[in-house]
Amino acid sequence: MVLIFTYFFYCLAGLCDSAPRTLYSQQAADGGYDNLDDRSQVLVDLRPPPPHHPGAQRQLHKRTASQDALQVDAERQQQQYEPGSVKETNSIPVSNTYGTKKLPNAIIIGVKKGGTRALLEFLRIHPDVRAFGAEPHFFDRFYDRGLEWYRNLMPRTLDGQITMEKTPSYFVTREAPSRVCTMNRHTKLIVVVRDPVTRAVSDYTQTLTKNPGLPSFQSLALKNSSTGPVDSTWSAVRIGLYAKHLENWLQYFPLSHFLFVSGERLVSDPSGEMGRVQDFLGLKRVISDKHFYFNQTKGFPCLKKPEGSSRPRCLGKSKGRPHPQIPSEALQRLRDFYRPFNQRFYQMTGQDFGWD
């Protein structure tokens, strides 16, 4: 009786609101969770209020001083879609720490300036794909940091979801195939390829924006300016030797583990090419024509405006740059140089990409 009397006394005094709310009422106030297939498995972690000073943020995981700017910046990029991010409800942060961090099931391994960023952004539409935002460069630059460091970079996934990342330089890194195979010999590998001549010009254009004093394209691509042979040691040219790089990968993975995506068809028929990608990854075909529109200014497809967003999603200003004028003689020399390598690549992959 004393306890009941005390309870009613506190209620009359207006202090009942300070009692903890049930999990159900907390979820209702929060408006539910984004992109959850099984809400019954969600673990809600109530945290105390953050410090009351400008710009204060609560960290969900303790970080060591050895973690570099790559990880911090990448996690900041992922904050918009990482389900472990903090939501505010009545001044009480709610941390959705569902799912686990896993090593990638699939990796976009190449190639630079082929369309890898577009492919990754398109794949993010799919509810069963969870992708790391930045390029981790684990298998070419940071391999000595270990698999646990690499795993910790990945987004959390639920059962049935695919973990992915993309680093285009893997395809041309000699040590990358053996390292990926050591991690998981069943990893699915996606290579986005593009006409090697156009790819080389695009690569040069990107470098030129960062270094306006760069020599002309033809002087870098051809030895002794326009009179000598093609200089295959220049990275912009070397990356386009797709057959040679693929030979290195086929020493560790069977051809069935690869999907070769056409960078040209990713522009002209994004839904068709994305259908192939979804099939390869064992995903239901969710991404279709309804998700794309063609941006005439940039010259490539963009994602239509997501529900609740004020504008469509298009790749940044670094994409779709106008290419400099290159002498036709230099471009023809490159086409002649690449032709046997292209034919070999067609034979190896069983696909004719129509670059000749």
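Backbone N, Cα and C atoms are what each Cβ position is placed from, and that goes for glycine too.
What TrEMBL records for this protein:
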SIGNAL    1-18  signal peptide
REGION    45-94  region 'Disordered'
DOMAIN    105-343  domain 'Sulfotransferase'
DISULFID  C302-C314  disulfide bond
REGION    306-326  region 'Disordered'
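The Cβ of C302 (disulfide bond) has 21 other Cβ atoms within 10 Å, all protein chains considered. On the 0 to 100 pLDDT scale, the domain 'Sulfotransferase' (105-343) averages 91 in this prediction.
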